[in-house]
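Visitor: Below is a structure I'd like to ask you about.
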Amino acid sequence: MRKSLTSGSDIAPIQLEEINFAFCAMAIFAQNVQEMTYEEAAKMVKDVTDLAQKCVASKADPECLKPLTAIFLDEICHEQGLPEKYGLAACCAKADPERNECFLSHKNSTPGFISPFKRPDPEEACKQYQENRVAILGLYIYELARRHPFLYSPTILSNAGHYEEMMKGCCKADNKTACFNEKASSVIKSVKESSLVEEQTCEILKKFGERVLKALKLVQVSQKFPKIDFVTATKLATDIAHMHTECCHSDMMDCIHERVELSNYVCSHKDTISTKLSDCCEKSEVERTECITELENDDKPADLSPTVREFIEDKDVCEHFAKEQDAFLAKFVYEYSRRHPEFSHLMLLRVGKGYEGLLRNCCKESNPPECYGKGEEILKKQIQEDQELMKTNCDVYKAQGEYHFQNMYLLHFTKKLAEVGTKCCHLSEDKIFPCAETNVDLILGKICRRHYASSINPNVCKCCSDSYALRRPCITALGIDEKYVPIPLTPDLFTFHEDLCATEEAGLQKKKQDFYITILLIKYKPTITDEQLKTIITSFLGMREKCCKAENSEACFGEEVINLTLETICTMRG
């Protein structure tokens, strides 16, 4: 149900505290009209805050009964000249929900659409913070929200809290500049990570539907809280999925309300959900959800059986499946997930999908129990293959180091996937798999979102669209795109200057990888062999050595790049 400014709720907007309400309003306006000035946004924030105060005093006012999203969009659309100035007049001419969808379609998360944030002088920033804390935090929220138009409002408020902690600490430091340089990176990193996760969640909802998102959340809840009972686990999964539906449709006040309600529910039932919730539940409403999300998985109950054999041994499995359908599958996913914190959530979704397929096939057979009794063997094989793939990759990373591991993945995807090894391969064995596949999934999600916008390969398109659970294995198994026509290899693809001679080892490795990318990722030769690549890199290093000894290195590089191009062509024609 959409909330209004007079909704009968324990967390009516104005009770979020007037300042937090204003901060949330600032985020909503900045996300919907990214190019407007801070002053324009601040005026509208004041307008809706005044309205909220009025509605607390006079609940019968018709303006107060509108859905919150409508109130914010009305404010934008009724602001004189603003819709025309920022190309939103056509959206304002529509009625909801089409108007909201139109505003959503105008959001632009492309890096560079809004110019990079310029860090203020540390001394000046600290002076402004001390003089007017609310104004400086409001400005930060404005700048953050307009650059991340899909970031959830609770996440923006939470990150503003991290920003304030940085301000408090660094403004007391002897060397403010060094302090800000050190701490700003972690504040920015948390925004980027949250943005990627939330954008991915919204894409899952949009592409695969609420059923898949609920299944994903059931897996995550069951892994994090293995002591939780099935009814509570499904309630939380359903409520979390619904919260994301609100957040993904930019119903940001509803988003923050549902998030607070969820954390309140979890904390009021903490004794039956998890032993690790106490510290999180003592935090403020803004901080609490982030704390719960980042909690380590709770310990499994001591009396939890190691297997769930009833799902493959009970003779009445098909009867239960026919009668309960999704509820029966959910019970299987819940029971399996709470027993396996060492598996990734995608692996557990694949297990659930595999079990559903097994039952749909076996329950048609003359002897269903005999058929689905073989499910354990099939499942073990699937899990073993995935674990061996992860172990192989981490073994390469540990044995050969980050640089050679990156080179291996440059042959397949991009440097981003290689970063997963850096992040996950040093973890304990029970954490490697969930860490690695979760991070790979985020990167593949980003690749798929770009592919939806501009599809160039039908095989990738199929992997991205068919099944969320099977997306990673599908993309991993992709071969060469046989229909791809390579671009001509010419000297102007390679540009080398005398600065290559001054490059230290790390920089030289980067130059070599750039060279790989030109040959491989631009896909002049998608089928290049390791031996051919080794020959070409040897020629590249030979050219560098020759020209760095020459009197005029710049002229030498200009001449030798032609020879390098010819050698490369000959080698690859091999």
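Each Cβ is built from the backbone N, Cα and C atoms, and glycine gets one as well.
TrEMBL: automatically predicted annotations, no manual curation.
What you see is a predicted model, and the numbers here were worked out from it, not measured in a lab.
If you look up TrEMBL, you'll see Glu246, Asp251 marked as Ca(2+) binding site. Residues annotated as Zn(2+) binding site in TrEMBL: His249, Asp251. Positions annotated as disulfide bond by TrEMBL: Cys55-Cys64, Cys77-Cys92, Cys91-Cys102, Cys170-Cys179, Cys202-Cys248, Cys247-Cys255, Cys267-Cys281, Cys318-Cys363, Cys362-Cys371, Cys424-Cys435, Cys448-Cys464, Cys547-Cys556 (among others). Positions annotated as domain 'Albumin' by TrEMBL: 1-188, 189-381, 382-565.
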Visitor: Return only the integer: C-alpha distance in Å from Cys435 (disulfide bond) to His249 (Zn(2+) binding site).
Guide: 28
Visitor: If you average pLDDT over the domain 'Albumin' (382-565), what do you get?
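Guide: Mean pLDDT across the domain 'Albumin' (382-565) comes out at 72.
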Visitor: Same-chain residues six or more away whose CB lies under 8 A from the CB of Cys247 (disulfide bond)?
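Guide: In sequence order, the residues whose Cβ lies under 8 Å from that of Cys247 (disulfide bond) (at least 6 apart) are Tyr152, Ser153, Glu198, Cys202, Cys255, Arg259.
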Visitor: Measuring CB to CB from Cys363 (disulfide bond), give everything in the same chain under 8 Å that is also at least six residues away in sequence.
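Guide: Those within reach of Cys363 (disulfide bond), by Cβ under 8 Å and sequence separation of 6 or more, are Val317, Cys318, Phe321, Ala322, Tyr372.
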Visitor: For the disulfide-bonded residues listed here, Cys102, Cys371, Cys424, Cys435, which shows the highest count of neighbouring CB atoms within 10 A?
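Guide: Selected residue: Cys424.
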Visitor: Could you state the whole-number distance in Å separating the C-alpha atoms of Cys64 (disulfide bond) and Asp251 (Ca(2+) binding site)?
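Guide: Distance between the two Cα atoms comes out at 16 Å.
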Visitor: Between Cys55 (disulfide bond) and Cys179 (disulfide bond), find the distance joining the two CA atoms and give it rounded to the nearest Å.
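Guide: One finds 44 Å between the Cα atoms of these residues.
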Visitor: Return the count of C-beta atoms lying within 10 angstroms of the C-beta of Cys464 (disulfide bond), excluding that atom itself.
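Guide: Around the Cβ of Cys464 (disulfide bond), 24 other Cβ atoms lie within 10 Å.
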Visitor: Including all protein chains displayed, how many Cβ atoms other than that of Cys267 (disulfide bond) lie within 10 Å of its Cβ?
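Guide: Neighbour count, Cβ to Cβ under the 10 Å cut-off: 18.
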Visitor: Measure from the CA atom of Cys448 (disulfide bond) to the CA atom of Asp251 (Ca(2+) binding site) and give the result in Å, rounded to a whole number.
Guide: 25
Visitor: Among all the protein chains here, how many other CB atoms are within 10 A of the CB of Cys77 (disulfide bond)?
Guide: 18
Visitor: Taking only same-chain residues 6+ apart in sequence, whose CB is under 8 Å from that of Cys248 (disulfide bond), what do you get?
Guide: Thr201, Cys202, Leu205, Lys206
Visitor: Roughly how many angstrom lie between the C-alpha atoms of Cys102 (disulfide bond) and Cys362 (disulfide bond)?
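Guide: Cα to Cα, Cys102 (disulfide bond) and Cys362 (disulfide bond) are separated by 46 Å.
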Visitor: Count the other Cβ atoms sitting within 10 Å of the Cβ of Asp251 (Ca(2+) binding site), across every protein chain shown.
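Guide: Cβ-Cβ neighbours of Asp251 (Ca(2+) binding site) within 10 Å number 23.
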